[in-house]
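Visitor: Okay, these came from Swiss-Prot:
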TRANSMEM  48-68  transmembrane segment
TRANSMEM  104-124  transmembrane segment
TRANSMEM  131-151  transmembrane segment
TRANSMEM  167-187  transmembrane segment
TRANSMEM  208-228  transmembrane segment
TRANSMEM  237-257  transmembrane segment
TRANSMEM  272-292  transmembrane segment
Amino acid sequence: MLLLELLKALILGIVEGLTEFAPVSSTGHMILVDDMWLKSPEFLGSQSAFTFKIVIQLGSVFAAAWVFRKRYFEMLYIGKYQPAATETESADGKIGKRVKPKRLTLWHVLVGMIPAGILGLLFDDVIEKYLFSVPTVMIGLLLGAFYMIFAQKFSERYAHRENIDQITFFQAFVIGLSQAVAMWPGFSRSGSTISTGVLMKMNYKAASDFTFIMAVPIMLAASLLSLVKHIGYIHLSHIPFYIIGFLAAFIFGLLSIRLFLNLINRIKLIPFAIYRIILVIFIAILYFGFGIGKGI
């Protein structure tokens, strides 16, 4: 029996790692895989199961932090991590002053974090209490899918900036607003912010990079805060489940993020939107047709 429960923890960690940063909604997948199928509260208890989900989400967050570690070092440290200054040349061929190239800074990330940070502090308990249900998640999945389709179709009419270092503070703030909207479960943080990024004339890779770089600090803070609030529900007997789930989420998070970043400029958003619509149909059949998940 213990082996079966450890296998369930492994599966949940894999699902979390694969879906947390893809624009497919990790919440929707957790409802399908855990709430409707594996039912972690049955072997962990309801509060401990919630803590387990926080722990495996941290695995995904650390995976993203590892992938973008050089970017964070560049934003936080000086020295070899800072881009070198370059000399400018005037029209008459004379060498002018040395200037540093434009680049993404910590201030861009902080500006992007402001909307979701404020909304999370004010309404986190309300969102958790009233919006975490199967019907509301299905609504979020559908709305997010339609927004992704709109973003891809509408943005095809203009050229996109190729480099994340060209992002402006205004773009960062607007993308941050969309991250706040994505606090509706099922909408998908990455789906919302990448879509907004391409609408703001960023290319898909640059929008994805900024999405992940911006998400790590706020997700890390939110996860650690939730973990502190629920620390009393961690039991020594559950530690193996936490370790397996965390490691699975970290490893598969690394694979998922790297694969996604390599593909996003080619496949764009519509394939993910179609997948989300199919997922909604599947969940709806289980929920309305067979009553699976009615107690969620």
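Cβ atoms are placed via backbone N, Cα and C, with glycine included.
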Visitor: Quickly jot the same-chain residues contacting the transmembrane segment (104-124) by Cβ under 8 Å, restricted to those at least six beyond its ends, or write none.
Guide: 71, 75-76, 164-165, 167, 169, 172-173, 175-177, 179-180, 182-183, 210, 213-214, 217-218, 221-222
Visitor: Would you mind listing the long-range same-chain contacts of the transmembrane segment (167-187), meaning Cβ under 8 Å and 6+ residues beyond its ends?
Guide: 25, 27-28, 104, 107-109, 111-116, 118-120, 123, 127, 131-132, 136-141, 143-144, 161, 193, 195-197, 200, 202, 206-207, 210-211, 214-215, 218
Visitor: Near the transmembrane segment (48-68), which residues from the same chain, at least 6 beyond its ends, have a CB less than 8 A from one of its CBs?
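Guide: Long-range Cβ neighbours of the transmembrane segment (48-68): 9, 12-13, 16-17, 20-21, 26, 30, 34, 40-41, 209, 212-213, 215-216, 219-220, 223-224, 226-227, 230-231, 233-235, 238, 241-242, 245-251, 253-254, 256-258, 261.
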